[in-house]
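Asker: Have a look at the structure that comes next, please.
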Amino acid sequence: MMSPNKFSEDRSGSPSNHFRHTPLQIIHVVANFMRIWSIYSMYRYFSQTGASVVLFLFTCLAPASILFLILQKPWKGRPLSNTQVVPSIINGAITALYLVLWGKGLKSCGPVRAILAEYSGAVLGVLSAVLYGRRGHMWKKIGGLIAMLASFYLLSEGWATATYSPFSWEDRDDSETRTEPVLGLKHMLVPISAGVLSALRRVIARRVSIKNQLKRRLHALTIASATCFMFPIAMWDMIIGSPSSSSGKLPFSAWAFMSTIFFGNIIIFYADSIAEERLHMVFSSPRHLMAAGACIIIMELVYKMDFSLTGFVICCLILGFGIYEATSLEHNRKDSTQKSDLSSGEFGDQIQKTLPT
């Protein structure tokens, strides 16, 4: 007699179920493509104007927080408890710090390194193995961490650029942009730190509430809190001025601002929520990296960046392997117990096991 769990697994893996999720997968890929497009627009805006990163991000975050509050109305419905509001406010401070570091990393390291560094949050899986995991599982995660560091090292050495990649002999004469320097791993610490903070804020958001509607209401509070925390930093930057600009003026670019507000903040949140709830695809996962990598390739070619396809693919493969190992569970284990875990990838997989099919 077939067990209910076996029947559930067979049904979830049926072709009809995959076809049913195809529209959601398309929506998720399109939303990520538009978000990455907004990142390239932001990077070009910084490169051409030398504008303040903090001031630009605050100018985009403020209207996004207002729209989130209007859409989610966290003051309506069941009152939120202090155990939900206080962590969301703290998460806002983490989000503000993440945005500042990530923006600085984007401006100094370029879009490829900044986007891929966001996946460094998978190192939380290594931390969870050290704190809660078994010894064999821990060493597997440490191997994944080494692979991730190797990928970031190759990225910092310019393997994804046609100028410095050892696989781009045929591209050297065709590249139009050869201004990106070899940064070194030390300069990658800023976007890598931002990636870890990004993963931490996702974990906190999941821990505060697993219910989808409540999570969206709390996210509106988190973004509003992040805006408040970023306000004094932006004002200080506007008054004192950043090292790259002599004044606090912020040049206006309609596409850079609008795309960052809508695609970089609002739409991508709902798309990632759908992917996590319905497709069981968390951010720090090889599947998410594969979709983002395809979008990056398109944008690099469209914007005619200093880009090496072979070097980029190698870096992505190593990074994807590292993420898989760092966020892996014991796939053969079929118990239903949930253990406390800091890994965003593992936590998403545990949610998938507890959801009814």
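The backbone N, Cα and C atoms fix where each Cβ goes, glycine too.
The following feature annotations were taken from TrEMBL:
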type: REGION; residues: 335-357; note: region 'Disordered'
type: TRANSMEM; residues: 49-71; note: transmembrane segment
type: TRANSMEM; residues: 83-102; note: transmembrane segment
type: TRANSMEM; residues: 114-132; note: transmembrane segment
type: TRANSMEM; residues: 144-162; note: transmembrane segment
type: TRANSMEM; residues: 182-200; note: transmembrane segment
type: TRANSMEM; residues: 220-240; note: transmembrane segment
type: TRANSMEM; residues: 252-271; note: transmembrane segment
type: TRANSMEM; residues: 283-303; note: transmembrane segment
type: TRANSMEM; residues: 309-327; note: transmembrane segment
Asker: Among 83-102, 144-162, 182-200, 220-240, 309-327, point out the range having the most Cβ pairs under 8 angstroms from the transmembrane segment (114-132).
Answerer: 182-200
Asker: With an 8 Å cut-off on Cβ pairs and a sequence gap of 6 or more, do the transmembrane segment (144-162) and the transmembrane segment (309-327) reach 3 or more such pairs?
Answerer: yes
Asker: Same chain, outside the transmembrane segment (283-303) by at least 6, Cβ under 8 Å from its Cβ: which residues?
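Answerer: That would be 28-29, 32-33, 36-37, 40, 44, 111-112, 115-116, 118-119, 121-122, 124-125, 198-199, 202, 272, 275, 309, 312-313, 316, 319-321, 323-324, 327, 343-345, 348.
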Asker: Six or more residues beyond either end and a Cβ under 8 Å away: which residues meet both conditions relative to the transmembrane segment (252-271)?
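Answerer: Non-local partners: 27-28, 31-32, 34-35, 37-39, 41-42, 44-45, 49, 56-57, 59-61, 63-64, 67-68, 219, 223.
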Asker: Does the transmembrane segment (182-200) reach the transmembrane segment (220-240) with at least 3 CB pairs under 8 A, where each pair is 6 or more residues apart?
Answerer: no
